[in-house]
Amino acid sequence: MWTAEEAGQGFLRVTKQYLPHLARLCLISTFLEDGIRMWFQWNEQRDYIEATWNCGYFLATCFVLLNLIGQLGGCVLILSRNFVQYACFGLFGIIALQTVAYSILWDLKFLMRNLALGGGLLLLLAESRSEGKSMFAGVPSMGESSPKQYMQLGGRVLLVLMFMTLLHFDSNFFSILQNMVGTALIILVAIGFKTKLAALTLVVWLLAINVYFNAFWTIPAYKPMHDFLKYDFFQTTSVIGGLLLVVALGPGGVSMDEKKKEW
């Protein structure tokens, strides 16, 4: 009989050529969807920003335009693998801007999800870097670990914040079991132990939860809940993309999996 680890390795062998591409597509999905939303809801988004911040018509229009161009432009660059690092920094800026503009900073659940999305971008930034180049030239390195490997560590840790928002503190058996299994998996991903298998398991789990709880296609488009679930669906899909990058690339040098090779 195959063990779970052997099954995971078999999956990776079959999909290794396609997994990084799928991971990128999933990762940028929330930015792609939100950029398109800015186009189709231009007036609503502008009016919301103008009313919330009392910033005037011009600045509100600039905000919507920046979000539209920044997100769609960043997605095109990432998918075409051109200037990926600049695209990642631009999308980091979009996340920070939206966190303030939409008052996400004061909503712990959405803040943690935005941080998880940032973790996915950090992994993409690490993937796009070559080992020979460093953003931190002249800064002494610690041991054999490069800045890329610390980016992978930071990305893994931020990604697991998504799962912190999915824990349910109920007394029923199913919730307790789900919390125990989920917590064990996110700890494994964060410390980098059996990382690919744990990340792949989280991908399956999160995909099932996303399709079940965020089925926006079952809600009429004119209802506010449709947009809410749609936003949540694509943001979760982006975190799935980050986890797929972990599956495809491994945990990096700062992980227990890597240290095991030295023992």
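Start at 1 and count along the chain as shown; that gives each residue its number.
Cβ atoms here come from the backbone N, Cα and C positions, even for glycine.
These figures come from a predicted structure and were not determined experimentally.
The transmembrane segment feature in TrEMBL is assigned to 57-79 (among others).
Residues or ranges marked as transmembrane segment in TrEMBL: 86-105 (among others). Nonlocal intrachain contacts for the transmembrane segment (86-105), taken as residues 6+ away from its ends with a CB within less than 8 angstroms of a stretch CB, comprise 28, 31, 49, 52-53, 63, 66-67, 70-71, 73-75, 77-78, 111, 114, 117-118, 121-122, 124-125, 128.
The feature transmembrane segment is assigned by TrEMBL to 173-193 (among others).
Residues annotated as transmembrane segment in TrEMBL: 200-221 (among others).
Through the fold, the transmembrane segment (233-254) approaches residues 12, 16, 19-20, 22-34, 113, 116-117, 119-121, 123-124, 126-127, 144-146, 148-153, 155-156, 159, 162, 189, 192, 195-196, 199-200, 202-203, 206-207, 209-210, 214-216 of its own chain, all at least 6 residues removed from its boundaries and within a Cβ separation under 8 Å. Positions annotated as transmembrane segment by TrEMBL: 233-254 (among others).
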For the transmembrane segment (173-193), sequence-distant contacts whose Cβ falls under 8 Å of one of its Cβ atoms, 6 or more beyond its ends: 153, 156-157, 159-160, 163-164, 166-167, 199, 201-202, 205, 243, 246, 251-252, 254-258
